[in-house]
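Asker: Sharing a structure here in structure tokens format.
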Amino acid sequence: MKPRRGVLRAALALVLLPLLTPTGAVEPISLGLAIAGAAASALTGFISYPRLYCYFRECCLHRHDRRAAAALQENLDKKLFGQHLVNKVVVKAVRGFLNNTNAKKPLALSLHGWTGTGKNFVSKIVAESIYKRGLQSKYVHQFVATLHFPHAHSINLYKDQLQSWIRGNVSICPRSIFIFDEMDKMHAGLIDSIKPFLDYYELLDGVSYRQAIFIFLSNAGAEKITEVALDFWRNGRRREDIQLTDIQNALSVSVFNNKNSGFWHSTLIDRNLIDYFIPFLPLEYKHVKMCVRVEIESRGYTVDEDIVSRIADEMTYFPREERIYSDKGCKTVDAKLDYYYDF
């Protein structure tokens, strides 16, 4: 919706009025008060338009659904390497959910893979595609298991606090985003406390959670993902030929039965409340080099292929015999660049 021309004209007229009025025609104080009052009224009406107001203050669901989906696709295409499944599934899942005006439940994505494969990076991109401030947005809430839920003896307290936090923030903004990191380190049973918010309820105590987004990050299941990737490689099949159906069911079962995971025997999995288990494949040598190039360019330097190769060569790779996958993904690229460049 465009601001009415009349409002703009009125504001402009009030700015020009002192220049056009003859000296002494109106008392200065009276004129000043009139201008101030009218200008304030015009400005209030001007910024009351939601789209304009959101330029000055962050709003719930800041970006239009189509813009959010386009931003998500563009950033994943440019910045995420070696994760064709992630790119495809995340974009389709988020875009479909944002465009669904009658969702039956919140969107729940569970991201799995080794450290450095891009899980945190993707959750950050999802947040930034919907809210300009991304992880800094007041509508995006990030929980780290070892930081926010450190003590096993306090699980009941954590459950109450978590429920209150989610209920309060969704009441303020239905399109709230909740990110749970280190799910593999979360105490078993804790995450089940949010089960009602992910279920197919129209309202819970007068609050609808159907527009919210929940993202879970975990290393659990990484072994199963690597097993599938290695099987494809050893059989001479392309990495890009791996389909979600080749991994997803085995991945969900692996996570459900992992006693060291916050999802161990979780009702969220048992009741099929996680919409997608998304596998992050282990990164190869060529993907590490891609990460190095992008990081160098982001710092404003010309890419030096010799340095790119040296950093990639410094990484350690597994399995021991084949040495195909980086055991830290791209996680230490940033720190290694500091050694080669005087930033």
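Yeah, the Cβs are placed from backbone N, Cα and C, and that goes for glycine too.
Fair warning: this is a prediction, and the values are worked out from it, not measured in the lab.
From TrEMBL, for reference:
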BINDING   Gly113, Trp114, Thr115, Gly116, Thr117, Gly118, Lys119, Asn120  ATP binding site
DOMAIN    283-340  domain 'Torsin-1A C-terminal'
SIGNAL    1-25  signal peptide
TRANSMEM  35-56  transmembrane segment
Asker: Hey, for the ATP site built from Gly113, Trp114, Thr115, Gly116, Thr117, Gly118, Lys119, Asn120, who else sits with CB inside 8 A of the CB center?
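Answerer: Near the ATP site, beyond Gly113, Trp114, Thr115, Gly116, Thr117, Gly118, Lys119, Asn120, sit Phe121, Asn219, Phe280, Gly329, Lys331.
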Asker: Across all the protein chains here, work out how many other Cβ atoms are within 10 Å of the Cβ of Thr115 (ATP binding site).
Answerer: 15
Asker: Does anything in the same chain, at least 6 positions from Lys119 (ATP binding site), have a Cβ under 8 Å from its Cβ, and if so what?
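Answerer: Long-range Cβ contacts: Leu111, His112, Gly113, Leu217, Ser218, Phe280.
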Asker: Calculate the per-residue pLDDT averaged over the domain 'Torsin-1A C-terminal' (283-340) and state the result as an integer.
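Answerer: Averaged over the domain 'Torsin-1A C-terminal' (283-340), the predicted model reaches a pLDDT of 94.
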Asker: Using a 10 Å cut-off on Cβ-Cβ distances across all protein chains shown, tell me which of the binding-site residues (Thr117, Asn120) has the largest neighbour count.
Answerer: Thr117
